[in-house]
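K.L.:
One structure coming up, written as structure tokens, with questions to follow.
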Amino acid sequence: VVSAGLIAGDFVTVLQALPRSEHQVVAVAARDLRRAEEFARTHGIPKAYGSYEELAKDPDVEVAYIGTQHPQHKAAVLLFLAAGKAVLCEKPLGVNAAEVREMVAEARSRGLFLMEAIWTRCFPAVDALKSLLAQGALGDLRVARAEFGENLTQVLRSVDWAQAGGGLLDLGIYCVQFISMVFGGQKPEKISAVGRRYETGVDDTVTVLLQYPGGVHGSFTCSISSKLSNTCSVSGTKGIAQLLEPCWCPTELVVNKERKEFPLAPEENKKFNYRNGMGMSYEAQHVRDCLRKGLKESPVIPLAESQLLADILEEVRKAIGVTFPQDKH
């Protein structure tokens, strides 16, 4: 586990609730040894390291889970790939398209597994939606819509320009991945966007229109200063399907007013930092399945689609005039 932050804490809590014969957390690394040791004590992890390099050298580590801040993803991914490890990296995989391309090229050249942790795609409610679409239950598709907004202006990371904060990379990626998923991972023909910037220079609230081949389109809004409906929907000539709030970790799917529930495993006495934390188990099990099959990437979140999502988000940022220090000008 690379990082001793909040999301890493949730992931470890989930892994330890799964069978030990299938998942074992062998070590954690942070850039501050004290934090790593404290995290290891809290979660009962045998080894703690004060640098990522030491963790990369640990022969007991088969898979590295990277839960650092956005701008640290690339260096960490490249470090663990160079050490011959499989890598599951939190979204967004990179701050921009160039970073993502570099990581994907490295994984492919080394023949190692790399996956962007878009956990939403591993949820049973999303599987059910994909099945419906595959069966043509909604008829010919016409439009998809997604919204994700929370007031995160008190969360330092969310408004920090140097850390590539803002809504698009943190929340917008969930919206884009939904629209991309329902339209089969195609490249949009046209992207337009409007938005406002926060006083620190990150994007605050953004609305995006995506025109796809075949006359279908999608739109999404993401915001770090206002609460939105946090739902996703797709409509066709025979009806509408909606993932209810929280659509980034959904447990309810409504198809033409018929509601289906996909409850999570009970949390019992576990403490999570984020909503529906138990849902990270779907992602963990998916990575295990991929590795057992000898796959180098996930069929659910293929690397080509991670590249496409990064391309779209970068184009949106250009349209609204948001650049980060990690962007090459």
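FYI, residue positions are counted from 1 along the chain as it appears here.
Glycine residues also receive a Cβ, built from the backbone N, Cα and C atoms like all the rest.
Sharing the feature lines straight out of Swiss-Prot:
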SITE      Tyr65  site 'May play an important role in coenzyme binding'
SITE      His73  site 'May play an important role in coenzyme binding'
SITE      Lys91  site 'May play an important role in coenzyme binding'
SITE      Tyr174  site 'May play an important role in catalytic activity'
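Relative to the rest of the structure, where do these features sit?
P.N.:
Remark: Tyr65 (site 'May play an important role in coenzyme binding') has Val1, Val2, Ala8, Phe11, Leu88, Cys89, Ala117 as non-local neighbours, by Cβ distance under 8 Å and separation of at least 6 in sequence.
Cβ neighbours of His73 (site 'May play an important role in coenzyme binding') (same chain, under 8 Å, six or more residues apart in sequence): Ile66, Cys89, Glu90, Pro92, Leu93, Gly94, Val95, Glu99, Met103.
A sphere of 10 angstroms centred on the C-beta of Lys91 (site 'May play an important role in coenzyme binding') encloses 21 other C-beta atoms.
Counting only same-chain residues at least 6 apart in sequence, those with a Cβ under 8 Å from the Cβ of Tyr174 (site 'May play an important role in catalytic activity') are Lys91, Ile118, Thr120, Ala146, Phe148, Cys247, Trp248.
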